[in-house]
């Protein structure tokens with residue numbers, strides 16, 4: 001715990017540069033009395049030190065001087081690809097996906113990517129769940145096995161995990177009130193990640209090749225290959241084997257971390273952001289370095 005009493009080091013000085021930046025750009029709400037989180041206004045954030053690539057691409061086309069250290073490259077895309085002099089290996093591709101393409105991948109992320117055998121954060125408690133997005137739209141409820149209660153018998157589960165079964169909302173009445181239950185819409189809102197291709201074991205922080213899995217969809221593979229081109233040696237083609245899909249709600253954040261579980265560090269990691277705007281913090285060799 002950070003101390004704040006007299007004679008202790010101020011808490012901001014104890015934090016690393018990366019941790020201070022995480023705190024600075026985190027979403028905070030105005031402390032309004034008796035107001036729900038939905039109605040509270042977010043506190044303003046100083047974005048003066050954030051690189052806005054929308055502004056950078058506009059400056060590029062208007063022949064305006066770019067921020068120091070930002071280098072435009074031509075890599076066969078419709079727009080220039082930008083790199084940072086002090087962060088070799090980082091490439092940003094503005095407008096890499098059209099709005100139509102983004103909507104398509106958002107749909108796939110909600111409907112196809114969480115489908116078994118792909119694993120999600122729900123697997124640990126509920127096991128594999130089929131057609132979660134459809135069940136949420138149909139306002140279904142996932143009900144647990146009630147033991148001796150025949151009304152909770154999951155023997156006919158329509159493909160759902162043994163021990164849990166989707167019921168229509170109107171079917172969930174007093175006769176299954178003794179069972180644990182959760183609405184599909186709540187599960188969808190609490191969906192935090194899903195894995196494609198080789199499955200990542202979050203408890204051990206490595207890829208578990210023994211887990212059942214399907215290959216990454218070919219269309220996603222081809223997209224990743226195209227986006228990885230600027231970071232690949234000339235003549236080599238990127239071969240994606242695994243992918244992690246992260247889901248964020250308003251105010252959510254992904255803490256600083258290292259993507260260091262890949263066997264070959266010479267190959268790039270392709271990251272695509274869909275939906276709302278977000279701030280991406282790019283670290284260095286240790287947490288006292290920040291871009």
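These residue numbers are counts, starting from 1, taken along the chain as shown.
The backbone N, Cα and C atoms fix where each Cβ goes, glycine too.
Per TrEMBL, Fe cation binding site is recorded for 257, 259. Taken from TrEMBL, the feature domain 'Alpha-ketoglutarate-dependent dioxygenase AlkB-like' applies to 184-288.
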Subject >> Overall pLDDT for the domain 'Alpha-ketoglutarate-dependent dioxygenase AlkB-like' (184-288), taken as the rounded mean >> reply: 88
Subject >> Intrachain C-beta neighbours of residue 259 (Fe cation binding site), sequence separation six or more, cut-off 8 angstroms >> reply: 269
Original post:
Residue counts in helix (H, G, I), strand (E, B) and coil for the domain 'Alpha-ketoglutarate-dependent dioxygenase AlkB-like' (184-288), per DSSP?
Top reply: 19 helix, 17 strand, 69 coil
